[in-house]
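Below: one structure, written as structure tokens.
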Amino acid sequence: MFKGIYHGKQCHAADIPTVLARAWAAGIDRIIVTGGSLKESREALEIAETDGRLFCMVGVHPTRCGEFEESGDPEGHFQALLALAKEGIAKGKVVSVGECGLDYDRLHFCPADIQKKYFKKQFELAEAVKLPMFLHMRAAGEDFCEIVSENLYRFPGGVTHSFTGTAEDRDKLLSFDKMFIGINGCSLKASENLEVLQGIPAERMMIETDSPYCDIKNTHAGINFVKSVWPSKKKEKYEPDSTVKGRNEPCLVRQVLEVVAGCKGIADIEGLSKTLYHNTCKLFFPQDLDASADAQLESGTAVQNS
């Protein structure tokens with residue numbers, strides 16, 4: 001969609017630079033580009049190399065796990081992922097393994113047994129490169145948590161992103177000390193979602209867009225908490241100064257922050273923002289926190305979590 005292509009049809013020119021400019025203007029410091037397959041992970045690294053504020057991950061989405069066996073050489077496919085991850089780490093760009101996990105809502109794309117087999121395999125990837133994991137869980141809470149539990153020793157931490165699960169799913173994820181829960185527009189659709197969200201401590205939460213998907217729509221339960229809006233046009237009437245209706249983009253993460261704050265009754269939205277930012281750095285950019293702590297120690301000031 002950021003190439004202007006929707007369902008195979010070219011509707012407007014590619015506009016990644018424009019989208020990024022809006023993100024930086026909105027106060028975003030860094031963006032992590034998600035990989036959904038070996039091919040997409042390569043493309044994510046290429047994109048990340050275009051700007052010092054862009055980073056990426058390497059992994060295979062549960063609905064795409066058939067690619068391991070379709071390649072004709074599953075182990076060779078895994079080794080190619082490992083080589084790409086190592087290349088990206090050496091370039092200072094790859095910060096996570098993912099997106100990987102289980103998606104039982106879309107078994108028509110990949111059966112559960114294949115999903116489970118290669119979800120487990122990607123813990124091997126995380127262990128080899130010592131990176132945190134960016135995880136996907138849809139209608140698969142029991143199997144997902146069982147596999148995570150069996151592999152906790154293999155990865156330094158993770159975030160279960162785009163969370164839409166039950167209170168039981170939430171509590172099970174929170175029982176894993178090194179697991180964060182990621183919230184986006186898909187997490188904010190129904191009043192039941194907002195009730196589950198209220199039980200996630202800010203210290204264990206991250207926010208995201210998952211763009212170009214998971215925007216907050218006018219029908220969503222949390223829409224009344226949204227204060228920041230950008231002009232938008234339909235894709236057929238594209239204008240560079242406007243967002244595209246129905247296409248999510250990074251600047252709109254501000255709306256997710258506003259809904260989380262409103263839903264949890266938090267008046268200090270900037271304080272919440274700092275907590276969520278700290279959580280993200282703690283998992284994906286721990287060297288930043290180390291450098292910040294060192295600088296504060298050297299200057300004789302107390303170390304604050306911010």
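Placement of Cβ uses the backbone N, Cα and C atoms for every residue, glycine included.
Heads up, TrEMBL stuff is auto-annotated, nobody curated it.
Taken from TrEMBL, the feature divalent metal cation 1 binding site applies to Glu99, Asp210.
On its own chain, His136 (divalent metal cation 2 binding site) has His61, Pro62, Gly98, Glu99, Cys100, Gly101, Leu102, Asp103, Thr160, His161, Ser162 as residues at least 6 apart in sequence with a Cβ closer than 8 Å to its own Cβ. The divalent metal cation 2 binding site annotation in TrEMBL covers His136, His161.
For the binding-site residues Glu99, Asp210, the largest tally of other C-beta atoms within 10 A is found at Glu99.
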